[in-house]
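Have a look at the structure below before the remarks.
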């Protein structure tokens with residue numbers, strides 16, 4: 001049974017209060033320091049700088065991180081992206097202060113040979129570690145201006161706050177080279193403090209009183225719709241019918257912000273403006289963690305493509321940054337030319353980038369261009385390219401990636417805020433059905449020649465799980481035992497994907513609570529961690545093959561443990577079974593190494609086979625999960641207990657067809673047309689539906705729910721054109737308001753009349769609504785719209801016994817009311833945990849609208865829509 005845990009967006013108060021206060025405190029700290037330095041001429045000493053850095057990380061970083069989490073759960077696209085971005089900014093700036101204070105030797109590090117030093121302008125060759133932070137500051141300046149402009153479409157306080165942050169960063173960057181800019185920066189930071197405090201107080205009063213007491217919020221500087229007009233034909237994916245998810249804000253803007261900042265820092269480095277990548281690695285590690293959060297929120301929204309994409313991008317930036325840190329801090333490029341030639345991890349990144357490009361061909365043009373730039377970037381990262389040319393190639397590729405991601409950031413923010421395609425992103429190169437046909441070609445060929453079942457469907461984190469293990473395996477390939485430089489260089493590309501990011505996969509597996517849970521990725525994370533510790537870092541800590549008795553015992557224990565994982569994998573699919581079998585052989589290689597008896601060609605062959613299995617598993621899992629079909633074969637389970645489950649499982653108490661099958665819709669439609677009551681999904685929570693042509697069915701709804709007779713039942717129609725055809729006496733203002741809120745989670749109460757019979761209500765006229773009014777809603781759910789087209793208007797009420805919580809999964813409807821219903825249309829988990837927002841529009845021309853019930857759409861947003869419509873009408 002589905003869990004009822006979770007909170008709707010409206011249940012969260014105002015996380016922006018926390019985010020604004022975090023910016024206020026951080027800006028005030030910097031302001032005090034800047035004025036002190038400008039007055040005394042003395043920069044902070046080591047302890048003072050470390051304490052300032054710790055305060056920036058704790059307050060500007062962690063506190064604002066919490067605000068970003070809550071903003072995402074409040075369905076606040078702008079707030080979620082902005083607070084997490086500024087959390088990364090203050091954390092990075094604080095980390096820079098700690099690094100430069102704790103390691104003053106970095107201030108005088110000479111530029112390693114080959115780091116494109118000939119490109120440096122005069123006077124730039126001696127950037128200190130603290131001054132190298134200017135690259136990150138410039139990147140965040142650009143993002144802050146974008147956030148400032150986008151926030152002007154929401155209210156007129158945040159644009160000044162975010163704009164002041166951008167200007168403060170400009171002079172903070174200048175102050176790294178000239179002390180005069182400290183005063184200007186301090187003055188601007190005082191503006192941040194004043195505006196931020198006012199904004200926090202205004203939102204605090206709004207949260208307490210549930211209305212806007214102080215001005216500044218609720219009314220934007222300009223309407224977001226002025227930036228463009230909605231396209232009649234969606235550019236996202238023709239034929240890709242997906243429910244609108246309003247539980248969490250869209251994470252695409254945050255992911256694009258991360259893909260703007262990371263390549264900008266790398267471009268600054270590859271073009272030779274940094275002599276040491278210590279500070280750069282800290283900044284990229286923090287922003288890459290934010291990109292993992294965008295991957296996590298994509299997972300919570302059930303979007304496997306962006307879960308995988310942002311996970312891969314975060315993995316790439318982390319691996320590349322820590323590899324460059326190892327080069328510049330510990331080894332030096334001049335000593336690594338030969339060792340880099342044998343590193344193969346870049347090829348797996350390239351293959352993964354090509355896979356993501358293929359999977360994006362049914363999305364918009366901008367998404368394809370971003371993936372194409374990532375292909376160029378991963379190509380430049382291949383270690384077999386000579387370093388001098390590779391660095392210029394990488395710098396140009398990073399610049400291209402930055403430009404595309406910056407535009408994508410702006411487009412995704414504006415389109416998310418407007419909930420329409422206002423900023424052009426281009427159309428599709430290939431239809432969804434054509435891509436599915438292409439992916440299914442190999443499967444069709446095999447299944448025609450052999451009677452081979454296709455296997456089971458994939459889950460959201462599977463693709464990222466296979467990618468992490470495949471990359472670790474390719475990067476672990478070594479051409480010999482006597483190259484400590486290559487071993488040290490290989491540490492990031494094996495440890496980060498194999499152990500660190502795979503722990504993130506464990507987290508989302510736990511969130512899903514299915515199949516193996518976190519067992520498989522956690523065990524394999526431990527394996528790659530041990531592999532890195534012994535094989536690549538052993539020479540650094542004086543552990544070798546002859547002094548590794550503990551690793552010998554551990555490898556034997558893992559052989560036994562993995563044998564149990566093989567048995568479990570055999571109940572799922574062939575690909576996972578092959579992967580666990582290959583892992584067993586890799587464990588044998590690890591054991592032989594500890595016994596100083598390893599045949600290296602055998603290990604290379606097994607690592608190669610393991611990585612090929614992982615790449616196929618990642619491609620198949622991503623394709624199958626994206627489209628919800630078995631497009632690419634994963635192979636059937638060798639052993640299954642399904643037959644025994646079917647024998648003991650009780651049949652459902654009513655007809656329960658699946659929503660994605662046309663036959664399921666027809667079954668429920670036939671039941672409704674004969675006067676039955678059925679449970680159906682909506683764009684909010686599950687509901688009970690009865691045909692308006694059968695008044696006895698509507699009466700039955702009251703009995704099923706134990707619903708008081710004085711509580712009216714609303715009706716659902718499939719589109720606004722149906723209402724126009726009935727010619728109700730509706731004013732132009734109300735028509736305009738309905739056009740802006742339909743389809744969606746807002747229901748409008750309007751005057752009742754004989755026109756309802758033209759709408760198709762028929763004999764149920766007296767059973768719906770009140771004597772004088774009725775609530776009408778157009779749902780934003782393709783499945784339900786198709787059903788209404790087959791049945792006519794439906795009388796709808798929430799599928800729960802009166803007084804109890806709403807049903808958010810078809811299992812809840814079946815278990816609570818299934819024995820009283822004729823059928824339930826099964827559509828999985830609902831997109832909300834509370835019902836729609838109800839608005840009384842009966843007196844819209846005289847006194848405006850009133851909120852009868854606040855549901856999934858916040859009352860403030862409803863009023864904002866109405867004010868915008870009213871102003872246009874005037």
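Quick reminder: no glycine exception, Cβ is built from N, Cα and C everywhere.
According to TrEMBL, the domain 'YrdC-like' annotation covers 662-857.
For 50-72 (among others), the entry in TrEMBL reads transmembrane segment. Long-range contacts of the transmembrane segment (50-72) within the same chain: residues 12, 15-16, 18-19, 21-23, 25-26, 29, 33, 44, 79-84, 86-91, 93-98, 101-102, 248-249, 251, 293, 297, each at least 6 residues beyond the stretch ends and with a Cβ under 8 Å from a Cβ of the stretch.
Here TrEMBL flags 156-177 (among others) as transmembrane segment.
According to TrEMBL, the feature transmembrane segment maps to 183-205 (among others).
Beyond the ends of the transmembrane segment (212-231), by six or more residues, the same chain brings 152-157, 159, 198-199, 201-203, 205-206, 414, 417-418, 420-424, 860, 863-864, 867-868 to within a C-beta distance below 8 angstroms of the stretch. Residues or ranges marked as transmembrane segment in TrEMBL: 212-231 (among others).
What TrEMBL records for 251-271 (among others) is transmembrane segment.
Here the transmembrane segment (315-334) has Cβ contacts under 8 Å with residues 109, 112-115, 258, 262, 266, 269, 275-278, 280-281, 284-285, 287-288, 291, 345, 349, 374, 377-378, 381, 387, 467-468, 471, 485, 488-489, 491-493, 496-497, 500-501 of the same chain, all six or more residues outside its ends. Here TrEMBL flags 315-334 (among others) as transmembrane segment.
Counting residues 6+ beyond its ends, the transmembrane segment (341-362) has Cβ neighbours under 8 Å at 237, 240, 305, 308-309, 312, 316, 319, 368, 371-372, 374-375, 377-379, 381-384, 428-432, 434-435, 467, 470-471, 474-475, 477-479, 483, 486, 489-490, 493, 611, 615, 618-619, 622-623, 626 in the same chain. Annotated transmembrane segment per TrEMBL: 341-362 (among others), in sequence order.
Listed as Cβ neighbours of the transmembrane segment (368-385) (distance under 8 Å, sequence separation of 6 or more from its ends, same chain) are residues 259, 263, 309, 313, 316, 320, 340-347, 349-350, 352-354, 356-357, 360-361, 393-394, 396-398, 400-401, 404-405, 408, 426, 429. The annotation transmembrane segment is assigned in TrEMBL to 368-385 (among others).
Feature annotation from TrEMBL assigns transmembrane segment to 518-538 (among others).
A Cβ distance under 8 Å defines the sequence-distant neighbours of the transmembrane segment (550-569), meaning residues of its chain 6+ beyond its ends; these are 516, 519-520, 523, 526-527, 530, 534, 576-577, 579-581, 583-584, 587-588, 590-591, 594-595. Among the features that TrEMBL reports, transmembrane segment is placed at 550-569 (among others).
Within the chain, the transmembrane segment (574-593) has long-range Cβ neighbours (under 8 A, six or more residues past its boundaries) at 455, 466, 469, 473, 524, 527, 530-531, 534-535, 545, 551-552, 555-556, 558-559, 562-563, 565-566, 599, 602-603, 606-607, 609-610, 613-614, 616-617, 620, 634-636, 638. Annotated transmembrane segment per TrEMBL: 574-593 (among others), in sequence order.
According to TrEMBL, the feature transmembrane segment maps to 605-627 (among others).
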**Study point:** Intrachain neighbours beyond the transmembrane segment (183-205), with Cβ under 8 angstroms and 6 or more residues off its ends
**Key:** 14, 16-17, 20-21, 23-24, 27-28, 30-31, 34-35, 38, 157-158, 160-161, 164-165, 167-168, 171-172, 174-175, 212-217
Review point. For the domain 'YrdC-like' (662-857), what's the model's average pLDDT?
Key: 89
